[in-house]
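The structure under discussion appears below in the form of structure tokens.
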């Protein structure tokens, strides 16, 4: 329940919901379950693209609502295939979003009950849209040696919170982790690999799919009998053997805990080749869109880069901007360059 003190825009830090209101108001909201409300016939046509919410508020006060979604818009997706599902008296009504932006669909002058974002399945292709995703890693503190659970889920806060609640009941500890650095696709298989000998059960492959928060989520169990100084893990797209995620595992302050860290390959690369990147970096509009979609830069910073007179100057301003934002921002830019211009990355690597 949120007690909003007056007119303005407010965002819930737990769910990602945002409301623009014209006066003070109290809003009550909770997660609902897609599988309970979306009929089997509708599930053949529509797939969830974000959490489903039950929202209650005084009519006429909310000017717009931002409903979270996990579709990556940096890939030029067909936004006409998105709809907002509105359930009234057990019937689903589809509404067009007023606009679609990174991480949320905006609906102006809304009425409320059950609301959530859907995307229409394309029967001609299995992998219709690129998705933002999260890797969740838990260490079972009461298990033998080092036992980890690794989940690959859409970037849906309702699913993440359900997984965290279940793992806490199993006496597990959430370990900080990086997210995949490129969009993933429903229906694809991603394989977990390691630089050291570890046991991964039931198998090292994880299908990427949406499962309701009330369903049991898929995970792999990683068993490490003897902890090395550092173990590196990767996740590979089995379609083309491309790496979509990396992290390293190190011993913590005591033998019962471990820590995860970015493999910050990109930081060294950008520093080493900054001068050549200023001259040779291409596809800047697409790179900027990816960075904004990943919350590395905002719209004002994107405008600052685009306002520069020459392409070389634009590249220089962008590289300096990302450098100031720290190691993770630099890693994000490096991974975007790998995805958008792999031949440039390979040529610069070769030259060094």
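Note: Cβ is positioned from N, Cα and C throughout, glycine not excepted.
Taken straight from TrEMBL:
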{"type": "DOMAIN", "residues": "1-263", "note": "domain 'FIIND'"}
{"type": "DOMAIN", "residues": "269-352", "note": "domain 'CARD'"}
*By DSSP assignment, list the helix, strand and coil residue numbers for the domain 'CARD' (269-352), in that order.*
68 helix, 0 strand, 16 coil
_Whole-number mean of pLDDT values that fall within the domain 'CARD' (269-352)_ = 85
